[in-house]
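*Asks:* I'd like to ask some things about the structure below.
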Amino acid sequence: MGDTLLPAIGTEILIPACSLVAIAFALLQWLIVSRVKLSPGGLDSAGANSGSGKNGYAEYLIEEEDGLNDHSVVLKCADIQNAIAEGATSFLFTEYRYVGIFMVAFAALIFLFLGSVEGFGTSSQPCKYDPTKLCKPALATAIFSTISFMLGAVTSVVSGFLGMKIATYANARTTLEARKGVGKAFIIAFRSGAVMGFLLAANGLLVLYITINLFKLYYGDDWGGLFESITGYGLGGSSMALFGRVGGGIYTKAADVGADLVGKVERNIPEDDPRNPAVIADNVGDNVGDIAGMGSDLFGSYAESTCAALVVASISSFGINHEFTAMLYPLIVSSVGILVCLITTLFATDFFEIKDVKEIEPALKRQLIISTILMTVGVAIVSWIALPSSFTIFNFGTQKVVKNWQVALCVAVGLWAGLIIGFVTEYYTSNAYSPVQDVADSCRTGAATNVIFGLALGYKSVIIPIFAIAVGIYVSFSFAAMYGIAMAALGMLSTIATGLAIDAYGPISDNAGGIAEMAGMSHRIRERTDALDAAGNTTAAIGKGFAIGSAALVSLALFGAYVSRAGISTVDVLSPKVFIGLLVGAMLPYWFSAMTMKSVGSAALKMVEEVRRQFNTIPGLMEGTAKPDYATCVKISTDASIKEMIPPGALVMLTPLIVGILFGVETLSGVLAGSLVSGVQIAISASNTGGAWDNAKKYIEAGASEHARTLGPKGSDPHKAAVIGDTIGDPLKDTSGPSLNILIKLMAVESLVFARFFATHGGLLFKI
């Protein structure tokens with residue numbers, strides 16, 4: 001089998017070192033962002049280097065703001081930023097309070113169920129995969145799984161919270177920089193996104209690495225038990241992500257739909273107009289949904305794909321022969337991914353200057369391409385030094401001989417499949433291409449044709465990503481069985497720091513535009529922030545594409561690990577037990593989507609009524625002489641999302657438990673397969689439909705081409721039809737679509753954690 005070139009001590013230095021480098025880099029980026037001062041006296045430091053002529057705005061850098069002096073603008077921006085930050089912080093604290101209670105209850109459940117596998121016995125048992133050796137008791141697995149579950153949940157919460165804090169810190173600074181040119185604003189927004197990306201990647205890696213080393217002190221040579229208990233880390237991460245995504249998604253879309261329908265369609269006032277009572281809630285929503293939710297979601301994917309790979313490796317030759325470096329190969333890949341992303345980020349912030357609006361989207365796409373190419377080289381090197389030249393991987397009861405270059409190819413396949421999914425998503429959601437322009441054109445004849453074209457676009461956009469995922473699965477499974485699929489998923493997520501930087505950039509730019517409008521800045525500033533925001537919309541869709549693609553691979557890898565743990569040799573579709581599971585599993589994403597869509601609808605209904613009430617009863621509101629009551633709208637969004645996130649969350653968390661206990665491991669395997677197959681399709685089509693409608697509206701509003709000008713201006717009938725499409729698409733792209741990828745991952749990882757309990761005590765109905 002042979003040894004690895006990288007010694008164990010090298011691994012012990014490399015993984016924490018890369019994590020610390022990422023944290024240092026994130027702090028450096030934050031320091032640079034913080035140089036933009038939010039006090040009138042601090043403008044000099046921001047403008048000190050502005051005479052350089054960079055970014056295409058050489059002489060008239062801090063422009064005279066059409067009759068507004070700089071001091072009042074800066075103070076207004078600071079006030080608005082404070083209101084958004086306070087709203088976001090108070091919502092997240094409220095959400096975490098409720099979710100915290102749920103987490104403690106679920107942790108107790110994990111302990112009880114897993115401890116009961118061997119009747120809470122404390123004596124060592126013969127190992128499942130090697131009966132000649134003794135393994136730690138099930139009670140130990142129960143205790144350590146519960147601890148890792150809590151650790152995963154806390155890391156997920158911290159990831160989301162830090163992201164939100166950084167975004168609310170950077171939004172007004174991006175607005176102020178937009179006065180010096182679009183390039184300056186882009187760099188501030190991008191650096192802020194990078195802070196979140198690198199902190200999250202480092203957190204996930206470091207906490208997991210420390211946990212493994214601490215658990216090893218107890219488990220010793222029982223690596224099977226050690227890595228089985230580590231799976232709780234992925235479950236904790238994803239269960240928090242589910243509530244963050246659903247709660248944040250309901251919050252942001254209730255406010256967005258309410259603000260758009262009354263403000264833009266009924267009252268004909270611009271987006272983010274300070275007279276609109278729902279405008280602060282709308283901007284708070286961008287931070288709690290798109291930033292905190294997305295952060296927790298991608299952290300969950302990362303934790304689960306790593307856990308799936310570690311579980312399979314622990315019962316392969318790495319685990320049996322106790323090869324430490326080869327065992328931690330998934331963490332080494334992530335460590336190298338951090339270094340690759342660091343180099344890639346410099347291309348956007350230091351090597352290339354953005355001088356024009358047209359250069360924004362190519363700069364963001366370049367990030368994806370550069371990180372993928374560099375990572376491919378990185379993976380080849382890592383596989384050569386961190387894996388033996390030949391080894392065996394557990395494959396449903398047999399050991400399959402695998403070469404190190406085959407695993408490298410598995411990671412590369414995932415990496416490039418992610419890039420393909422990203423670019424296909426961009427093609428279908430960016431208004432630079434014909435699909436979105438066709439949707440915009442269909443607005444000529446009203447909202448109905450716009451909706452029809454948008455739905456068709458979403459369904460069509462599923463085709464290529466599914467083929468990419470299918471090829472990825474086939475190639476990686478052929479080379480390295482389920483370990484290959486887990487590594488392909490990790491490959492897709494190996495450049496997570498860059499992916500998150502691009503993703504967080506969108507909501508920050510969106511907020512910056514909102515602040516510019518509310519502070520009464522000139523239309524030139526708003527045009528620049530709109531250009532940043534339109535590019536951000538597309539990158540957000542690309543981010544969702546990555547999240548969904550990786551979720552499909554992750555849940556398949558977890559499914560494989562679950563089948564191994566539960567002792568199922570084959571999943572027979574012709575067996576009625578499995579087939580009924582398939583049917584029910586395929587139905588679950590529809591049930592879940594119905595819940596989340598209806599939640600957004602009912603919350604938006606309350607919001608619309610409140611916004612209308614304020615417009616009708618507050619004298620001088622439309623004239624701009626009276627201030628709206630922002631706090632009531634923030635409260636409506638907060639209360640609705642906290643109340644409405646519980647049922648969809650309970651559906652996802654309880655389904656595997658109910659099916660496993662009542663119907664057993666085989667039916668549960670059917671449910672997991674069914675939900676994976678249908679969930680991926682709905683998630684991709686929902687996200688892309690919503691993204692296309694949003695950008696069709698922006699295409700008409702920007703009026704950048706002759707075709708767009710024939711459909712505009714704002715307030716025209718085609719524009720109103722586009723706003724209606726955008727409003728329908730909001731819950732699709734920001735609530736249901738992104739939450740579905742958590743549904744398929746979470747059910748799979750939960751089944752894996754409880755696999756031994758279901759195998760021992762499950763299937764009660766069939767035992768009667």
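Numbering starts at 1 and runs along the chain as displayed.
For all residues, glycine too, the Cβ spot is worked out from N, Cα and C.
From a predicted model like this one, the values you see are computed outputs, not experimental measurements.
So TrEMBL has the following annotated:
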- 13-33: transmembrane segment (TRANSMEM)
- 98-117: transmembrane segment (TRANSMEM)
- 137-164: transmembrane segment (TRANSMEM)
- 185-212: transmembrane segment (TRANSMEM)
- 327-348: transmembrane segment (TRANSMEM)
- 368-386: transmembrane segment (TRANSMEM)
- 406-429: transmembrane segment (TRANSMEM)
- 450-475: transmembrane segment (TRANSMEM)
- 481-502: transmembrane segment (TRANSMEM)
- 546-568: transmembrane segment (TRANSMEM)
- 574-592: transmembrane segment (TRANSMEM)
*Asks:* Determine whether the transmembrane segment (185-212) and the transmembrane segment (368-386) share at least three Cβ pairs under 8 Å, counting only pairs 6 or more apart in sequence.
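*Replies:* Touching, no - the transmembrane segment (185-212) and the transmembrane segment (368-386) miss the threshold of 3 or more Cβ pairs under 8 Å.
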*Asks:* Applying the under-8 angstroms CB criterion, which one of 13-33, 98-117, 368-386 scores highest with the transmembrane segment (481-502)?
*Replies:* 368-386
*Asks:* If we skip the immediate neighbours and take only residues 6+ beyond the ends of the transmembrane segment (368-386), which ones have a Cβ under 8 Å from one of its Cβ atoms?
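*Replies:* Answer is 4-6, 11, 325-326, 328-329, 332-333, 336-337, 339-341, 343-344, 347, 404-405, 407-408, 411-412, 415-416, 418-419, 422-423, 491, 494-495, 498-499, 502, 542.
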*Asks:* Assess whether the transmembrane segment (406-429) lies in contact with the transmembrane segment (13-33), where contact requires at least three Cβ pairs under 8 Å among residues 6 or more apart in sequence.
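*Replies:* Answer no, regions not in contact.
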*Asks:* Find the member of 13-33, 98-117, 546-568, 574-592 that has more C-beta pairs under 8 Å to the transmembrane segment (137-164) than any other listed stretch.
*Replies:* 98-117
